[in-house]
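K.L.:
This is the structure I have questions about; it appears just below.
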């Protein structure tokens with residue numbers, strides 16, 4: 001009774017967690033430049049792209065930490081390589097706000113000015129009139145504000161770099177100068193590579209997760225012929241003689257009993273068949289949760305998600321490891337131990353659970369480390385494999401309802417939500433805006449190894465789980481109807497999913513790193529493929545109502 005209750009609770013937890021995982025469905029990358037279409041275009045010199053800038057500093061000849069900045073829309077261009085830039089002395093103007101002519105010498109130096117008291121263009125004009133080589137504006141907050149022209153700046157002509165840095169960056173430079181040190185600065189804005197190879201790795205992870213989830217039952221199930229082969233012919237002969245049956249007759253009886261046992265085990269597996277109604281509620285729930293994340297995003301809210309992610313990841317990782325070990329070592333799970341409150345527990349399951357718990361705690365404690373993406377991806381992949389084992393689509397009719405709703409959901413929250421919220425809700429949540437530096441864990445992410453700016457390429461769990469449900473259905477359908485690799489649907493859906501993911505990242509780069517609604521590309525490349533193939537093969541009607549035509553046409557409930 002206790003074991004059944006625990007199993008039901010685990011099942012409930014995975015499904016509920018899987019629902020709100022779908023609320024993040026986006027492919028994104030960090031962009032180094034963009035143009036603010038809403039900024040005033042009072043003159044051509046005010047229409048330049050905002051670019052991320054590296055600010056290298058030296059104190060008394062010793063190189064310090066490189067700071068990050070953002071160029072103004074009226075800033076002059078900067079070199080793209082550090083070796084092309086010049087090391088220039090840093091000076092503070094007098095007055096510090098740089099709103100009027102400075103009494104201190106600015107010629108040939110990089111001027112540091114506090115934000116406020118006058119417009120950004122006024123500060124730039126004052127610095128340029130003093131023959132400064134550049135201007136750094138120190139923000140009064142820990143972010144980078146986009147400095148634009150005013151509508152009156154019709155004749156502006158700034159020929160020096162103008163860059164904003166964060167409050168903490170300005171304070172660090174100020175401390176070095178206040179201590180009597182000689183501070184030198186070098187400004188440059190390196191370009192990101194057109195394609196970073198981390199995208200290939202992320203593509204392989206996403207496609208591999210769906211393939212593994214679809215084939216998981218094949219990896220972990222015990223075949224009946226193997227259990228039959230384990231019984232020696234001598235044993236069969238003795239038992240057959242004792243029972244008064246022939247050797248061949250007992251072989252058949254043994255196989256039938258093995259098959260019956262397998263079917264019984266399969267039917268005991270807890271599986272959620274998604275209905276059309278569930279699919280609509282699914283997407284509405286995901287949208288509600290996404291809006292709550294956007295409106296009430298804070299560090300404590302993100303921490304709650306991190307805890308839930310760890311719980312789901314532990315359960316998923318535990319299920320994956322135990323099933324693999326039990327498949328390789330059939331006797332490993334037979335040893336048990338009695339524990340208070342828990343009762344009789346498998347030693348293997350307990351050891352694996354402790355390992356998974358330690359793994360998740362280590363990741364949570366070091367989630368800001370450079371290597372934390374590995375732990376996050378491992379936990380996420382295990383969780384998604386487990387969800388795809390427990391939730392499934394019964395036919396193409398339900399798949400069409402679910403994926404079409406998800407298709408509209410993704411487009412709306414990425415592209416259309418700014419019309420209501422003045423910001424892309426999906427992108428804001430994925431970035432972790434207003435979360436106090438914490439990031440949402442419901443993403444697969446890979447560092448941009450070859451990008452001088454670093455950052456991550458990301459894909460939301462929803463972009464794997466939604467198409468994954470359809471691909472898993474295709475595998476079960478092919479297996480039940482005994483279709484070949486080319487005559488089935490599984491292989492073509494995998495190719496379609498991989499192609500859709502390729503188009504997603506192609507769109508990502510064509511739009512300069514702006515987050516893309518991946519389901520915009522993935523749904524046509526998966527659902528469209530199965531519908532088109534079904535029409536050509538004359539099997540669409542069967543696919544549409546599969547599992548509801550007659551009891552004999554239903555899928556074995558144990559297949560995943």
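Keep in mind that glycine also has a Cβ here, set from the backbone N, Cα and C atoms.
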K.L.:
When TrEMBL marks a stretch as transmembrane segment, which of 246-264, 398-416 is it?
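P.N.:
Range annotated as transmembrane segment by TrEMBL: 398-416.
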K.L.:
Among 371-391, 539-559, find the range that TrEMBL records as transmembrane segment.
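P.N.:
Result: 371-391 is the stretch TrEMBL calls transmembrane segment.
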K.L.:
Out of 219-239, 345-365, let me know the one TrEMBL marks transmembrane segment.
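P.N.:
Going through 219-239, 345-365 one by one, TrEMBL gives transmembrane segment for 345-365.
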K.L.:
Examine the ranges 177-196, 197-216 and name the one recorded by TrEMBL as transmembrane segment.
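P.N.:
Of 177-196, 197-216, TrEMBL gives transmembrane segment for 197-216.
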K.L.:
Compute the average pLDDT of the predicted model within the domain 'PA' (97-173).
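P.N.:
Mean pLDDT for the domain 'PA' (97-173): 89.
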K.L.:
What else in the chain is close to the transmembrane segment (371-391), if you only count residues 6 or more beyond its ends and a Cβ gap under 8 Å?
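P.N.:
Answer is 11, 14-15, 17-18, 21, 205, 209-210, 212-214, 216-217, 270-272, 274, 309-310, 312-317, 319-320, 359-360, 362-363, 441-447, 456, 461, 464-465, 468-469, 472, 560.
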